[in-house]
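Comments concern the structure below.
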Amino acid sequence: MKVVATILYLVVLAICGLGIHGAHPTHSAPPTVYPSVSFNLTEANSNEYRHFLQELRGKVILGSHRAFDLPVLNPESKVSDSDRFVLVRLTNPSRKKVTLAIDVVTFYVVAFAQNDRSYFFSGSSEVQRENLFVDTTQEDLNFKGDYTSLEHQVGFGRVYIPLGPKSLAQSISSLSTYKSSAGDNKRLARSLLVVIQMVSEAARFRYIQLRIQASITDAKEFTPDLLMLSMENKWSSMSSEIQQAQPGGAFAQVVKLLDQRNHPIDVTNFRRLFQLTSVAVLLHGCPTVTKMPAYIIKMPVFNGGEDEERCSVVEEVTRRIGGRDGFCAEVKNGDEKDGTPVQLSSCGEQSNQQWTFSTDGTIQSLGKCLTTSSSVMIYNCKVVPPESTKWVVSIDGTITNPRSGLVLTAPKAAEGTLVSLEKNVHAARQGWIVGNVEPLVTFIVGYEQMCLETNPGNNDVSLGDCSVKSASKVDQKWALYGDGTIRVNNDRSLCVTSEGKSSNEPIIILKCLGWANQRWVFNTDGTISNPDSKLVMHVDQNDVPLRKIILSHPSGTSNQQWIASTHPA
């Protein structure tokens, strides 16, 4: 019996030894089943790609944190290990497959798996290694997953690396067949740069999503433009600025981007940033909670939990105020005397056009408060009743005096026009922008990646194939003004106008007159709405061949989705 017992003991010991030193790591608990999304390139079209990104955003975004109606990712402290990752399964036409792991805290690719092996970036965390691909052989890469490290491995920047369906298919093949023993880090890093931008970055920015959708539709590759690369690089800082912005969207710091020609773009407010980037998801930053009347603020600044970390409130922001027809609000003649009126004037850098927005609700220039009385003027803040110096700036550009409920209005579009207070009718003459007072020239891309256009021979607004050629017989470039108007860039006296305020009313081009039916808001859900009618621009489904544009109730359909794009692809 002793001999038998000894033999059994040795057998058990040998089995245990094999388990410890086997090819695969052992884990005491069963692997966590993370949610997943899939994208198959075999017969994919742009709509399937769009739905894939929508599904991915839905699984990555947890909770209800929002800033200016944009979803904010949860901080690491609020995410359990069992909810930490989302898996993205990619398949190409050659039936090669790879699975990416996305961290829901950063929306970034942290590892990938193929067959029975998985690969983690250098410096991977314990949470990643203990929860991802635990039933595979895990291997470490000898470089990190940030852009600097990946570009160093490739030997050049991602500005030279094409994106599109062909590049994605090749990258899936490269990742699915990668072996660390081969040591082809250059090819691996290049493939990772492609999938990171076509998955993570496209989910973060609808601007990037649109460019990739167009490349899928046209079966053409493209290289990232400098605006696209700069928004990728600045996602963290722009997320922070948005979450700490004042209620009207003014930033404390400038977000510095680049245009396609490498010219700097200084962005000082949320409205302009969204028009440029169509950012769809924000990285978590400590939130500032500001309570404002619901009837004034349409988009909440931040909705967070009670135990969220709080940012220090930005006490003051000094910016110009842009308004009707591109004029700026200024203290008349730069006169500092109490009672000096506020007027419209050509925008400049003079001190009497600089306005300081404070958290106490005051707006000051030349050391005096913007004050409501029989007219709009500046006055000693300590002399007049406090309620006459309080203002609320809405994200749609309305500036309201809460006591009276009246709003700043520019009765005429002319130099020297005195600013008045009037009942809010959501008119373009009542639209303002804090900072970024210069119009943004852009294409407006909508249904099936077609561009909003007008023909100089009539006043119709329709959709057409996007063209960057100056010889085109139609106008597809638009100037987005701070007063909320959308103007024909070749003739900025002409505005996009709804014929009425009811559903199915056509949208046309008329002379800019500061009307309510000439004011528009680019919303974070992708719609362009008219604040007065609360209806949105809609491609008439009954008239798609003619591509007629009408007003309609919001429905969430693709023919109500628009994006401002300085590059129409």
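In case you wondered, yes, glycine gets a Cβ from its N, Cα and C as well.
From a predicted model like this one, the values you see are computed outputs, not experimental measurements.
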_Disulphide bridge to C328 as given by Swiss-Prot, partner from C311, C347_ = C347
_Tally of residues which DSSP labels helix, strand or coil - the repeat '2-beta' (492-530)_ = 3 helix, 18 strand, 18 coil
*asked:* Between C451 (disulfide bond) and C495 (disulfide bond), how many Å separate their Cα atoms?
replied: 17
*If you measure from the Cα of C466 (disulfide bond), which of the recorded positions E201, C328, C369, C381 is the nearest?*
E201
_Proximal but sequence-remote residues of the same chain as C328 (disulfide bond) (Cβ under 8 Å, at least 6 apart)_ = R320, I321, G322, L344, S345, S346, C347, G348, Q353, V437
*Reduced to three states, what secondary structure does DSSP give E201 (active site)?*
helix
